[in-house]
Amino acid sequence: MHKVTSTSSLGPGGLDLTQSFFKPIQNTAPPSPTKRHTKISVIGVGNVGMAIAQTILTQDLADELALVDAVKDKLRGEMLDLQHAAAFLPRTQILSSTDYSVTAGSDLCIVTAGARQNPGESRLNLLQRNVGLFKKIIPPLAQLSPDAILLIVSNPVDVLTYVAWKLSGFPSNRVIGSGTNLDSSRFRFLIADHLDVNAQDVQAYIVGEHGDSSVALWSSISVGGVPILSFLEKQQISCEKETLERIHKEVVGSAYEVISLKGYTSWAIGYSVANLAFSILRNQRKIHPVTVMANGFHGIEAGEVFLSLPALLGRGGALAVTNVHMTEEEAQRLRDSAKTLLELQRQLDLEV
Ligand SMILES: NC(=O)C1=CN([C@@H]2O[C@H](COP(=O)(O)OP(=O)(O)OC[C@H]3O[C@@H](n4cnc5c(N)ncnc54)[C@H](O)[C@@H]3O)[C@@H](O)[C@H]2O)C=CC1
Ligand SMILES: CC(=O)C(=O)O
């Protein structure tokens, strides 16, 4: 295990530097027991894992950050590179190891390890390769951090969240996928760009599969509190509906475009996942469209399927699913998306 060097108090020749540099204040009260020590583990230090790790560090969210990867030199290089930013960041102890023992006692384990898409390849095509990896990754994580929340990012994220749930034996509220939190951000960005407003003033959800069969919830889009569709209908501006359809197509094509241009996506997923980590660990009770166990919500009754729905996130994980308004057409598309994912789940061999 590689420990951050600055926490060592031993100088050359075993001299205790703490004793030489500091004169302790006598009779100090012990640290307040109310401050929790927060530990986050990130599994996989590729483009996505590192974008998440560095964004988390800027948010002062963790006292301890543990990094795990299968490639030893790259892992140590990434750890050192982050540690060298210590003078510019809130204090976080950064550890790394190829051994999962470094993750013990985590509050949140973020899994980004695995194969990524080649240009033009679908997310679902990665399934077999990444299920094989998850069989090695999830059991030790669950064993070493039995109270943690698992946040899955590797693709195809919805089916892999189901796989992580099965392999961990955790209750479903503590196994979440990053899902369509990213797709919804892309959607909000494009709507905001079209209307020339701030994306944070646009409320809009994409739900269902993170990927090709995702569902845009037109009926719930509002900008600064104004419901967009009914506003457009009242103004009889029908052509704008076509613009919205084009925007959803652009969202679905976003990852394919970025991957064909730079080989992978990283910055937006980094911010998306750090934002989820913040809502969970700081108990924000904020609503995010993320992958959760969807059975029983919005007419999905076909079985234990995981896909994105707007969910309330807090320290306990996914606490509730909101009753967001859907037209019958939107709900049907969601159920179709659920059937596609369920079919894939049923074909999996999850014997470890
Ligand atoms: N859910 C989402 O919105 C997004 C998901 N992704 C997915 O995230 C995953 C990672 O993407 P990138 O970081 O770009 O790939 P990458 O190839 O840069 O990194 C993958 C990392 O996983 C590591 N790894 C492989 N096997 C491992 C094992 N058994 N244990 C620990 N580490 C292992 C590799 O050594 C590598 O460092 C892909 O599946 C990708 O499709 C990417 C962007 C967005
Ligand atoms: C790669 C991927 O899933 C994304 O950027 O949406």
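Cβ atoms are placed via backbone N, Cα and C, with glycine included.
Annotations in TrEMBL come from automatic prediction, not curation.
Note that the coordinates shown come from a computational prediction; the quantities given were computed from them, not determined experimentally.
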Open item on the list: Looking at the NAD(+) binding annotation from TrEMBL, with Gly44, Val45, Gly46, Asn47, Val48, Gly49, Asn130, Val153, Ser154, Asn155 already listed, which candidate in Asp60, Asp63, Asp69 is the matching residue?
Closed with: Asp69
Open item on the list: Validating a neighbour-count step here. Other CB atoms within 10 A of the CB of His210 (active site, proton acceptor): how many?
Closed with: 28
TODO: Find the longest CA to CA distance in the recorded NAD(+)-binding set Gly44, Val45, Gly46, Asn47, Val48, Gly49, Asp69, Asn130, Val153, Ser154, Asn155; express it in Å as a whole number.
DONE: 17
Task: Between Asp69 (NAD(+) binding site) and His210 (active site, proton acceptor), the C-alpha gap once rounded to whole angstrom - done: 24
Task: Distance-selected binding-site residues near ligand 2 (C-beta under 6 Å), from Gly44, Gly46, Val48, Asp69, Asn155 - done: Asn155
